[in-house]
Amino acid sequence: MTENKNFEFIENEIKNNKVVLFMKGTKEATMCGFSAKVVAILNKLGVEFRDINVFVNPEFREDLKKFSDWPTFPQLYIKGELVGGCDIATELYNNGELEKMLKG
């Protein structure tokens, strides 16, 4: 089934990359302000991250929402765990927690 292949891909990406951002567009060409904001935060922190464009495949985008149980994008994963979207990433950045999570 395609869903299983998508879930397998997602699991593989978050397992094999310390930081993954499922986003609208790419880090070089963001396609929404929320994705751009998270990219800017990660860049300010000097973090290398894997970016995955959710616009490439509508079925993948829907499967990712099911996988994460999170309805919106971007979705930031650190060390295999969903951190959240733009608002949560921004809040964690502003209070210093995001940097701690990334260094730990």
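Backbone N, Cα and C atoms are what each Cβ position is placed from, and that goes for glycine too.
From a predicted model like this one, the values you see are computed outputs, not experimental measurements.
Between the candidates PHE7, PHE9, PHE73, Swiss-Prot assigns the glutathione site shared with LYS24, ARG61, CYS86, ASP87 to PHE73. In sequence order, MET23, LYS24, GLY25, PHE73 make up the list of same-chain residues 6 or more apart from CYS32 ([2Fe-2S] cluster binding site) whose Cβ falls under 8 Å from its Cβ. Confidence annotation: the domain 'Glutaredoxin' (7-104) carries a mean pLDDT of 97 in the model. Residue pairs drawn from LYS24, ARG61, PHE73, CYS86, ASP87, the listed glutathione binders, are separated by up to 20 Å at the Cα level. For ARG61 (glutathione binding site), applying a Cβ distance below 8 Å and a minimum sequence separation of six or more within one chain yields VAL54, PHE55, PHE73. In the structure shown, the C-beta of PHE73 has more C-beta neighbours within 10 angstroms than that of any other entry among the binding-site residues LYS24, PHE73, CYS86, ASP87.
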